[in-house]
Structures are given as structure tokens and as C-alpha cells.
Amino acid sequence: MTSRPAPQTFRFDRQLWDRFIAIAQPFFLPITPGSTWLFAGLLLVLMVTVVAATFWITVGLTLLGQTLFPAFFTNLAGGLVETINGLLASPVAYLAAAALVGSGSIFVLLRKRLRRRERQWLMLGILLFLSFAVNGLNVAISYVFRFIDNALNGKDSDTFYQFLAVYTAIIVGAIPIIIAYTYIRRKLGLIWREWLTKDYLDRYFSDRAYYKLDSNTLDTEIDNPDQRITADITSFTGTTLVFILDILDSILTLISFTLVLYTISKALTLGLVGYAFMGTAVAVVAGGKLIAINYNQLRLEADFRYGMVHVRDNSESIAFYRGETLERQQILDRLGRAIQNFDLLIIWESIIMLFQRGYNYFTRIVPYLIVAPLYFAGQMDFGAIGQAYLAFFQVLGALSIVTNQIQDISAFGASINRLGALDERLQPVDGAGRDRSPAPTPQGDRSGIVTQVESHVALDNLTLQTPNAEQTLIQGLSLALQFQDQLLVVGPSGCGKSSLLRAIAGLWTTGDGTITRPDSGEMLFLPQRPYMLLGTLRDQLIYPNPRNSIPEANILEALQQVNLVHLPDRLGGLDVERDWPTVLSLGEQQRLAFARILLTQPRYVILDEATSALDVANERNLYDLLQQRELLYISVGHRPSLLAYHQTVLELSTATTWRLLSAADYRFNLENLDSLEGLES
Ligand SMILES: Nc1ncnc2c1ncn2[C@@H]1O[C@H](COP(=O)(O)OP(=O)(O)OP(=O)(O)O)[C@@H](O)[C@H]1O
């Protein structure tokens, strides 16, 4: 994955929001037209449910407290009991009851549309409730300290100790609530990560998206999909929950403490709101710059890591070439680009921090400036100063959530863009909670080859181009193969032999004409360098069949037929895991790949120089095995020895022309050419 220019237009805009919804919503509600409004509505209904439930729990606890500690509640918390009784006698009680029943019914009615997403809604509801509870406790603590300060000021030791006891009781109740809140939030993040990763993986492996996204083939815009599916999803799910809950929490804090602050000083409240909005506006503008830098950082870090993985995967070749100096330099270059961008990141973060610190420190004196004159004039009790101070900073904190977290929000925005771009490229898979049409891929725009699935192979007036349509490889090719036919494709290097096989397999579709071929499940493709998956020897042999689908006796028989019977003994059995591309020679890997044909028993086989590393005796053995089976096979190869195992030869040239002739005629031409060359020399 080479370095490529990154898109530079990252802002807090509509596209970022749409991408966020496209990634975040399906975990809670399948995406269908108009469903985002429903999602927002459901979040509101959830909040209403939680507020109503909190109301009834507060009523219950106050009444219980009054029964258990009548003296305390009558003398010192009389205001609370009065308020509760007042609320119970007012329409608020009916509203709270109706809200609870109504919102509960909405969730029951929508159960079908939620499609087994009840668990996440329940956890979100519990989190909201716990967040409410912590907020309620904070308000209670602000009053407790006001009473403590006043008791100190009035030298009233009884009240002082009673409120210290109340404070202790509140803290004992609050600690488990805070721990439960953190645990449930992280657990929900984990469940979400698993869900979202599975969803991306389903789509990544459907319709060969992993191949189309590969930067070596078509869609170079999506760099490092591996990093997007691993690191970006993890940070997305964790951060989204923190932000959503922080924002909801800020709204609550804002409502509860603005009320407290407003009762103390109206001027202070209004001034504060204006100040915080100004701070947020400045932060949003500066944050837009940070999103672009963070986006680049994620890409450059992934490129750097990929460079290291590439060396690990190719260690033997590098060791043969003694290519350490160049490899080291390439990796250092990648590191250099990551460091350079990070340098820019810390410069911008420092500029933003300068603004944040100024913003936060300057505001410290504001409440004193406004409240102290009221106290000196005797219009306010002493305890109210502390309470105003506390309320002021709670409200400021809530209003400044964007200002204070702009670095995190920008990093989050970059993750959203990376995941969103990948999301738009991947096809939706049934049941994954998406109902959008995928964005057309570059390949989709250009593909012109029509594929028909039938039980034979035929090419009709086929013109084949490379995926980027830069090069035309073959023009006007027509041929038809019947079951059990054997075709050999020959031609000079780079003329398009492998590309023709790619087109038949359906990997390349740029060009014109028609390809008729069987369903890809009936075909097996053997490339020159066999693919060795991560796993045991057994896994290698049965690939691509599911585990345990082939009896051991068949596996051992296949090994014997391809001359690898000694392999399990040499390596420690069928179930040993090794780094197969390094422990097996290329010839052994090619024979192992042939064993896959014997075990999978496809009806159509495509071999791209699949025996190039074998001696003639082993090659003959393998082709004999193919000929004993009822199947159609197409080979690509340069060796004349292959002619013996094919009836027809397709000869391609670098000038996009082609010839179809019998193997006998081709051999005859070849021999004549050889004798002519012999005469000339
Ligand atoms: N992903 C790609 N994108 C663009 N061009 C490609 C891509 N892969 C291969 N090509 C080009 O297509 C042409 C045909 O490649 P192909 O691999 O089919 O050749 P070949 O005939 O099989 O060669 P060889 O005998 O050396 O394996 C080459 O010029 C190659 O550079």
C-alpha cells in the first residue's frame, strides 16, 4: 500500500454527519428510508422513559426516607418532602405515569423493527438512568455543601455533623453507581465493536470486495482497509458511546445546574451561556483543521505498520537479495512521513490548548466577581457563594464539551471519515441492517463484459482490458469448450494470459463481449504461487472446503497421489500449524495445491503455470491425475511438455491478436520453427 494523496476536505459538515449515522445507527435500528428520524425519536422516547422512571424512583426513595428518618426529613430536608408532595398532587405525576406507559408501549410496538436489538436499547437506558442518578447526586451534594458552609459560618455543630453524615451516605451510594456506569458503558462498547466488525467483515468478504478494494487492483482510494476494520472500528464504538453519554450528561447537567445558578444570579447565567457559545464556535473552526491532520495520521501510521508486515511476509526474499538497506530506508521514509504529520498535529493541538487554557483559567474569577458584591451587600448567604461557584463550573463544563474535547472530537471525525468511506464502498448484505444502494465503484462504471452462468465455457467476441482500462490485452476472442475439453493458453510474457483467466473467474470485467462459464463454486483456480492460508496442514489440503468436511483417509490418499505422502511424518502430523510458504518448497506447495483438486473434485479447473516449479515426472503425474477425472481444464504455461496434456492451444500475442489451433498443429509449427532457426544459425 503505497502513499497516496489524501482527500483534504474534512469539515464538520453534512457528509460527516451522514457517515456517522450510516455507521452508528444500524446497531440500534436497521437503516431504511426515513429511519434516522425514527432513531432520533426513539432516543428521545428513551430519555423520556428514563426521566419518568427517575421521577418515580426519587418519589419512592423520598417517601421511604421520610418513613425511616422522620426527624431528619421534617426538620432539615423539609423542602424536598414538600416539593415531592407538591409534584405528586400536580399534573406532573400524571404526566410521568403516562410517559412511562406510553414510551414503554412504543418500544413494545416497535419490537419487530428493532430486530433483536433490545439488549442495546436496554443497556443504553440503564446508562442514561445511571447518568441521571449521578447528576441528581451532584445536585444533592451542591446543597449539602451549602448547608455545611452555612452551618460552619453560623457555628451550628449539630447541623454540620448531620450533613457530613448525609454526605457520607451519598458517597457510599454514588461509588457503586459510578462503577456500574463505567462497566456497562465499556461492555456496550465491546458488544457494539463485535457487532460492527462482524458486519464489516460480512461485507468485506461478500462479492469479492476484499479483492476489489485491494490497492493493487482497482480502488486505490481506500487505503489500509485492515486498519479501518480493526483500529478504527474499536475507537469508533468506544468514543461514540463516551460522546453520546457525555452529550446527554451535559444536557442534564445544564438543565439541573442552570436552574441552581439561575436562582442565585441571572446575570451570571446569561453571561456564561454567551461566553461558552463563543468558545464552542472558535473550537469548531480550529477542529476542522485537526480532522484533516488526524485523518492523515491514521493513514500514515497504517502505511508504516504495513511496511513492517510486508518485510515480515517477505523476509526470505529480502534475505536472499540482502535488501536490508533499502527496506530499512523505505520503512524509515514511512516513519518520517508519520512523524512529520504528527509534528503538525502537536503544533495545532498546542495552539488549540493555548486557547482552551486561556478560556478555562480566565473564567475562574468570573463567579467571584459577580457573586461577591451580592454577598457583601447582604443579599446572599455565605454557603450560596460556594454553591454558585460549583454550579457555575458544572454549567461551564457542560457548555464547553466541544471546546474542551476538540482534539478527541477531531480524531473521532477522522475515524468516521475512514470508516464511512469504506462503508460506502462495501455492498450491503441481507440482514445487516442496511437498506442503501451502494455507491457505484470505479469498476462498476467501466465493466462491460457480460457473464452468463452455464455448464460450459465459451467466449464470444471478448475484448479484455486491464481494470483501469489503460491497456487492451485481447480483442475479439471467440471460442467454445465442451465438458472434458483441455485448453492450453500460450504467448509471450505480459500478453494477457493470466488476465484472461482472471476474466473467466470473474475477477476482471473491464472490456466487452460475453463470457459463459459455470458457477464459480464449480471451478477451482490454481495460481503459479499457491495460496497458503494461516492454519494446519489439514486446513491447507481441504481449502476452500469447510473444516471437517473431508475424511482423513481421503486426505492421506490425495497426499500419496501427489507424491507428498511423507509430509505429515516430516512435519509432525496433519494438525500442526506452520508458516507454510517458508517450510514448503514451491514445488511442494504446487503439489499440495493439486491435492486440493483431488479432494474438492471440481468439474472445472484453471491452472496458471501451476506446475512451473515441478520436474517433468511430477508434472506428468499430476496431469495424468487430471486426465483420469471427468473435468474441463484450462492451463497457462510456457513449457512444450504441457502440449501432451491438452487438445487445443490458444496462442495470444502482445498485439492483442490470437490464434486457436490443435495441439498437434501447434507442435508441428513449433518444431518447424526450431528447425528453421537451426538452419539459420
Ligand atoms: N492489476 C493490474 N492493473 C493494471 N494492469 C495490470 C494489472 N495486472 C497486470 N496488468 C498488466 O496486464 C498485462 C498482462 O498481464 P498478465 O499477468 O495477464 O500477463 P501474462 O501474459 O500472464 O504474463 P506472464 O507470462 O509474465 O505471467 C501486463 O502488461 C501487466 O502489466
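Every residue, even glycine, has its Cβ placed from backbone N, Cα and C.
Any TrEMBL annotation is an automated prediction that lacks curation.
As annotated by TrEMBL, compositional bias 'Basic and acidic residues' applies to 428-437.
Look at TrEMBL and you will find 457-679 tagged as domain 'ABC transporter'.
If you look up TrEMBL, you'll see 428-447 marked as region 'Disordered'.
Beyond the ends of the transmembrane segment (37-64), by six or more residues, the same chain brings 21, 25, 28-29, 73, 80-81, 84, 87-88, 92, 96-97, 99-100, 103-104, 106-107, 110, 113, 121, 124-125, 128-129, 132-133, 136, 248 to within a C-beta distance below 8 angstroms of the stretch. The transmembrane segment annotation in TrEMBL covers 37-64 (among others).
Positions annotated as transmembrane segment by TrEMBL: 84-110 (among others).
Taken from TrEMBL, the feature transmembrane segment covers 122-148 (among others).
The annotation transmembrane segment is assigned in TrEMBL to 160-184 (among others). Within its own chain, the transmembrane segment (160-184) is flanked in space by residues 72, 76, 123, 126-127, 130-131, 133-134, 137, 140-141, 144-145, 147-148, 151-152, which lie at least six positions past its ends and keep a Cβ under 8 Å from the stretch.
Within its own chain, the transmembrane segment (241-264) has Cβ neighbours under 8 Å at 47, 127-128, 131-132, 134-136, 138-139, 142, 185, 188-189, 192, 272, 371, 380, 384, 387-388, 391-392, 394-395, 397-399, 401, 405, 409, 412, counting only residues six or more beyond its boundaries. Among the features that TrEMBL reports, transmembrane segment is placed at 241-264 (among others).
Below 8 angstroms of C-beta separation, residues 6, 8, 10-12, 16, 261, 345, 348-349, 351-352, 355-356, 359, 363, 366, 370, 392, 395-396, 399-400, 402-403, 406-407, 409-411, 413-414, 417 of the same chain, each at least six residues beyond the ends of the transmembrane segment (270-292), sit close to that stretch. Under the heading transmembrane segment, TrEMBL lists 270-292 (among others).
The annotation transmembrane segment is assigned in TrEMBL to 361-378 (among others).
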Exercise. Go through the chain and flag residues at least 6 beyond the ends of the transmembrane segment (84-110) whose CB is under 8 A from any CB in it; none is fine as an answer.
Key: 42, 45-46, 48-49, 51-53, 55-56, 58-59, 62-63, 118, 121
